[in-house]
Amino acid sequence: MDIASLRAQHPDHWKKACAIRTLTLDAVAAANSGHSGMPMGMADVATVLYEKHLNFDASQPDWPNRDRFILSAGHGSMLIYSLLHLTGDAEFPIEQLKNFRQWGGKTAGHPENFLAKAIETTTGPLGQGIAMAVGFAIAEESLRARWGAKIIDHHTYVIAGDGCLMEGVSQEAIGLAGRHELSRLIVMWDNNGITIDGKVSLSDRTDQIARFAASGWDTFECDGHDPADIDRALTEAKASAKPAFIACKTHIALGSSAQDTSKGHGALTDAKLIADTKAAYGWDYPAFEIPQDVQSAWKAIGSRGAETRKEWEARFAALSDSKKQLFQRQFACEAPAKLAAVIRAMKKQAVETAPKVATRRASEMVLEVVNPVMTETLGGSADLTGSNNTKTADLGVFDPINRKGRYVYYGIREHGMAAAMNGIALHGGLRPYGGTFMCFTDYARPAMRLSALMHAPVVYVMTHDSIGLGEDGPTHQPVEHLAISRATPNTMVFRPADLVETAEAWEIALSSKATPSVMALSRQNLMPVRKTHTSKNLSAQGAYVLEDATAKRQVILIATGSEVEIAVKAREALEAEGIGTRVVSMPCMELFAQQDEAYRRKVLPAGPVRIGIEAAVRLGGWDRWLLGERGREGKEAFIGMTGFGASAPAERLYAEFGITVEATVAKAKALLG
Ligand SMILES: Cc1ncc(C[n+]2csc(CCOP(=O)(O)OP(=O)(O)O)c2C)c(N)n1
Ligand SMILES: [Mg+2]
């Protein structure tokens, strides 16, 4: 349909949609940067979605049973900012749009979930939004089963572009959603045939409809500019018993001279182009000005869900006090009081029984006691359940017949799993954790980075955390992965040494409201290193004195995880020779860095020589504790990896790569001179 007939046939709709288009043009012009074409092309779809389908209340954008809207094509951020402004979201007055992409604003270049209540997820890295949406839909199914449809019953809508569908992670997401029959998930594809380099056909000829259908989705098509057709497609999609995909045929940068070209993708800032486009729209108002009738129409859309929200509140109020408290605690991401108690009991028992177990097994032992008292956990693994030790007895499996199951078989989809876990965490009400091999952090990395940026407290259970995994060889042996995880802001990287530290790490991770955790866990059995019970969570300080020097302190050995055992044995040998040696266990560098200077100095006093021991590359943050913080050049050493590992039994590898008690003792003596 051309613009003239659209205007003539749907004049009210046309004006509402043009409000989005012109706000986009004005904001992008003001910022002199941004992406105009996508909001201009998808304005009709978004208008129909907000007007007729999306269950939301602009006055309370974060009520728990709202429909979730995810703009996977995050570069089109002006679409969501326009919608929020027009519907009357208090966080988006017109000044925010005038300050698009400026310091301190809520209208960042790409939508950021931590800047505004109504923005469900950060998007911008293409493909992440659609993959997170699968997590939102899993969360909705799981919570609806637990709480009943009176409390949780909503859809998750996604707008995805060609880019989102080309990114590999979308395939992982589509497969997962299809298998789990996530019928409340509706993806609207901005089928404009254009990306930055030109036509989609330059690089792709995928039949998207066939692709989604092949993974178990219902598929629909519509003219993405005809409101009646869009409404029909959305209505049909909602009725589907499968996840639904709607191919919306659109024109990028509709109505401008850049329409249907890659020029339309980016910032349309040319004054004449903007004036001509507005003329074509029949829009005769100054920049950022919306006529009163259009404003009122949009405000009515913004408040149309208020009744529904109030009805929900009444239903919620009718729940028993204990149920209400549970719901509120879980949605506030607060750990139950019982968590500390079960962790303490586990630690005490660990010291008494001193089991020699791998920390991946220790992690399972912890989850066995945590999962029953923390029913909001939703575990999973990317096809390594038996290796990651992520599934405990009581969980049950999440699938279309058992939505109450608390374990997700994510399949061999590390990236999709991580993104889905982000969605689950951001939905609220559940705490996702999921496992793979530490080495495949790489496969999950883009979503792990987003967990950190978005303040999503996801727990990554990364087992087989070093050459200690042995025979599988260097493809599977992480050496640089601790470094990249530690380099990521707002991420806690735990490398516990035994069952006690593993329990402490889980307690911290599951008490965190806004920081993801990476659990680096060993495949191989480890000697318990915590010999006495203390109810205090020592790992919460990041590092602590595990064993102190008896003679005059000359050496400090700092180690993490599986290498703490080496440090303890090296200390024994050095002490036997009269060389006073302290062992510092450092399960979490980030938390140690957060301690005050007095504590850090107490643990790492200046003077003694220092040796760091970790079966990974030194780049993983070691210089700060060895050279810095009053360490001294020439009086420090690092025992770890300098290259890739190899395939052999673990003990042989440790010997060959020189990560041994003997090497530590020799190094200490050499440094002492
Ligand atoms: C992972 C990732 N790679 C690259 C980019 C840069 N980028 C932003 S938009 C875009 C093109 C997207 O095409 P499409 O989804 O069709 O958007 P449209 O041009 O139709 O608005 C690219 C390559 C990105 N944001 N994320
Ligand atoms: Mg496109």
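Cβ coordinates are placed from backbone N, Cα and C, and glycine is handled just like the others.
According to TrEMBL, the features are:
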BINDING   H35, H265, R360, S387, H464, D472, H476, R523  substrate binding site
SITE      H35  site 'Important for catalytic activity'
BINDING   H75, G124, P125, L126, G163, N192, H265, F440  thiamine diphosphate binding site
BINDING   D162, N192, I194  Mg(2+) binding site
SITE      H265  site 'Important for catalytic activity'
DOMAIN    357-529  domain 'Transketolase-like pyrimidine-binding'
ACT_SITE  E414  active site, proton donor
Contacting binding-site residues, sequence order - D162, G163, N192, H265, D472, R523 vs ligand 1, Cβ under 6 Å: D162, G163, N192, H265
Here the binding-site residues are N192, S387; which one has the lowest number of other Cβ atoms no more than 10 Å from its Cβ? S387
List those of the binding-site residues H35, G124, D162, N192, R360, D472 whose Cβ lies under 6 Å from any atom of ligand 2, in sequence order, or write none if there are none. D162, N192
Are there residues of the same chain, six or more positions away from P125 (thiamine diphosphate binding site), whose CB falls under 8 angstroms from its CB, and which are they? G74, P446, L450
In terms of Cα spacing, which of the binding-site residues H35, H265, H464 are within 10 angstroms of H75 (thiamine diphosphate binding site)? H35, H265
So if I measure Cβ to Cβ from H464 (substrate binding site) and keep only same-chain residues at least 6 apart in sequence, which ones fall under 8 Å? R360, S387, F437, M438, C439, D472, H476, Q477, P478, L521, S522, R523
So which other residues, same chain and not among D162, N192, I194, have a Cβ within 8 Å of the centroid of the Cβ atoms at the Mg(2+) site? G41, G161, D190, N191, G193, T195, K199, V200, T250, I252, H265
Inter-residue Cα distance where the pair is H265 (substrate binding site) and G163 (thiamine diphosphate binding site), in Å: 12
Going by DSSP, give the three-state secondary structure for F440 (thiamine diphosphate binding site). helix
Distance [Cα-Cα, Å, rounded] between F440 (thiamine diphosphate binding site) and I194 (Mg(2+) binding site): 33
Looking only at C-alpha atoms, tell me how far E414 (active site, proton donor) is from H265 (substrate binding site), rounded to the nearest Å. 31
Using a Cβ-Cβ cut-off under 8 angstroms and a sequence gap of six or more, which residues of the chain neighbour H35 (substrate binding site)? V28, H75, G76, S77, M78, H265, G266, A267
Sorry to bug you, but what's the C-alpha spacing from L126 (thiamine diphosphate binding site) to I194 (Mg(2+) binding site), rounded to the closest Å? 15
Which residues in the same chain, at least 6 apart in sequence, have a Cβ under 8 Å from the Cβ of L126 (thiamine diphosphate binding site)? S72, A73, G74, G161, G163, C164, M166, E167
Residues near D162 (Mg(2+) binding site) by Cβ (under 8 Å) yet at least 6 apart in sequence within the same chain, in sequence order, are W189, D190, N191, N192, G193, I194, T195, V200, D204
For the recorded positions E414, D472, which Cβ has the most other Cβ atoms within 10 Å, all shown protein chains included? E414
For D162 (Mg(2+) binding site), name the DSSP secondary structure in the helix/strand/coil scheme. helix
